[in-house]
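Listed features, source Swiss-Prot:
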type: DOMAIN; residues: 136-573; note: domain 'Urease'
type: BINDING; residues: His141, His143, Lys224, Asp367; note: Ni(2+) 1 binding site
type: BINDING; residues: Lys224, His253, His279; note: Ni(2+) 2 binding site
type: MOD_RES; residues: Lys224; note: N6-carboxylysine
type: BINDING; residues: His226; note: substrate binding site
type: ACT_SITE; residues: His327; note: active site, proton donor
Amino acid sequence: MTDLSRARYAELFGPTTGDRIRLADTDLLIEITEDRGGGPGLAGDEAVFGGGKVLRESMGQGRATRAEGAPDTVITGVVVVDHWGIIKADVGIRGGRIVALGKAGNPDTMSGVHPDLVVGPSTEIIAGNGKILTAGGIDCHVHFICPQIMDEALGGGITTMIGGGTGPAEGSKATTVTPGSWHTARMLEALDGWPMNIALLGKGNTVSSESMWEQLRGGVSGFKLHEDWGSTPAAIDACLTVADAAGVQVALHSDTLNEAGFVEDTLAAIAGRAIHAYHTEGAGGGHAPDIITVAAHANVLPSSTNPTRPHTVNTLDEHLDMLMVCHHLSPKIPEDLAFAESRIRPSTIAAEDLLHDLGAISMIGSDSQAMGRIGEVVLRTWQTAHVMKRRRGFLAGDNGADNQRVQRYVAKYTICPAVAHGLEDEIGSVEVGKLADLVLWDPAFFGVRPHAVIKGGMIAWAAMGDANASIPTPQPVLPRPMFGAAPKAAAATSVHFVAPHALEDGLADRLDLSRRLVPVANVRSRGKADMPRNDAQPRIEVDPDTFTVRIDGDVWEEQPAAELPMAQRYFLF
């Protein structure tokens, strides 16, 4: 047999163990640590589709029927990037779920074929050779202001949304809340036909426990406490008391003006209970100037929103106007202007960069249309990783490649929000048994534009050329909805996450929904230690006069980035 050079092997079958791949135009490199397809040692047996290729009848394609276990789809020779590792494998999908990561093919003619990856006549092939596969992104901070956010999110690699809203109402523009069972029912119906998993948050700003139980029975997955509705210590305690009894998560936007108390009072009201702290840095809201200190606490699950990711020379200028609009403020009212200015602090925004790189802030969401951009969750995560690589070099354990850093950052918008909100049994990683919510990337466009977004095993969104062309690739190649985005298919491949009490109360019978209703897992005992690769608890101090931030005693100096990757090389605007 003719020997293949590593370069030639990569051209034919994709990279293999020991090969390194640059992510878009960043300084980040990944190195493949394992090739479950056999690599060069089994050259010629790779599962490759096409004319004159392996996956043909009685060659790489066997006789197994679907009833005998053949997968519905195999993604061939793809590099899987997940919090648990960076490997190459064939990925099998059956019934909308991941069934195996290994070697696909025909065991009658090939060695080492995984028993759940036996290619048969019923098997579709997606060529992943030379591409990267990640879990579908989870945006943990979504304002449901307009339905068009779905297209933008899918086009950015997001397949699950956690948040709330009812449309362009003032409450929804400012707060991620779907208040009350009537609004919740209508939103569950409205979102039924989109290729997107949904977890709605109800209003937690009340001391009425029955009001919250009513919302849980109505189909919310948890609660949101927002200062615009009054995040008082009494409301925080009441909401967490109900959440503890129901097993659901609470997301917190605390009191920027410190009217009802300071950060210490909020922490006292939380009383060591699990809570998801939104935009922990504070530009998006929260006790000024030291809300960022909550990221040091074991019971707090901290996240960022993407407008401050990463800290750049333009970050401060755009934030003031955004904030005035989002929170229904007037520049003509001095108190409103002071409120807005108190939230924008370059020192804490700069410290946010470092806390992400340390794994102390565990998640990144968008804050869509409410100071954040829903299509840029993935992109800004990797821009932050790039900026930190330039400033801090390799992380411990990395040498020549950035696997540790990449695994930390991919977890911020996949497994960490899934664990925080009790969704990890269904989504959040590329693992056997989970929904096949997957994003396929060309390495040159990693984090920028997906090659394809697979929702529950079906391609829902993809880069596609002119539909009147003779082949799929002529320009303009644009991200477009595919058959998996059609309403009935989308409902069959997506889920609504709801509180267990909603199912016990018969919500599925009360609403005419096409998709599955899935109960969230009990999250009340979860804390920072449960955030994969993002469980650090450094000491964080903020000077109340100068806003200087010390992390484990050291001042983190502001060095806003003047240039970023994944920007104007890819976008006109």
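Every residue gets a Cβ built from N, Cα and C, even glycine.
All features noted in Swiss-Prot, drawn onto the structure.
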residue : record                    : CB count, 10 Å
His141  : Ni(2+) 1 binding site     : 32
His143  : Ni(2+) 1 binding site     : 27
Lys224  : Ni(2+) 1 binding site     : 30
His226  : substrate binding site    : 24
His253  : Ni(2+) 2 binding site     : 26
His279  : Ni(2+) 2 binding site     : 28
His327  : active site, proton donor : 21
Asp367  : Ni(2+) 1 binding site     : 31
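Of the candidate recorded positions, His226, His279, His327, the one lying closest to Asp367 (Ni(2+) 1 binding site) when CA atoms are compared is His279. Here the C-alpha separation of His279 (Ni(2+) 2 binding site) and His141 (Ni(2+) 1 binding site) works out to 9 Å. A Cβ within 8 Å of the Cβ centre of Lys224, His253, His279, the residues given for Ni(2+) 2, is found for these other residues of the same chain: His141, Thr175, Thr176, Leu225, His226, Glu227, Ala251, Leu252, Ser254, Tyr278, Gly284, Gly285, Gly286. Nearest to His226 (substrate binding site) in space, judged by Cα atoms and limited to the recorded positions His141, His143, His253, His327, is His253. Inclusion criterion for the recorded positions His141, His143, His327: a C-alpha placed within 10 angstroms of the C-alpha of His253 (Ni(2+) 2 binding site); this criterion is met by none of them. Within 8 Å of the centroid of the Cβ atoms of His141, His143, Lys224, Asp367, where the record puts Ni(2+) 1, the same chain has further Cβ atoms from Val142, Gly163, Gly164, Thr175, Thr176, Ala251, His253, Tyr278, Thr305, Gly365, Ser366, Ser368, Ala370, Gly372. Closest to the residue listed as 'active site, proton donor' by Cα-Cα distance, out of the binding-site residues His141, His143, Lys224, is His143. The average pLDDT computed over the domain 'Urease' (136-573) stands at 96.
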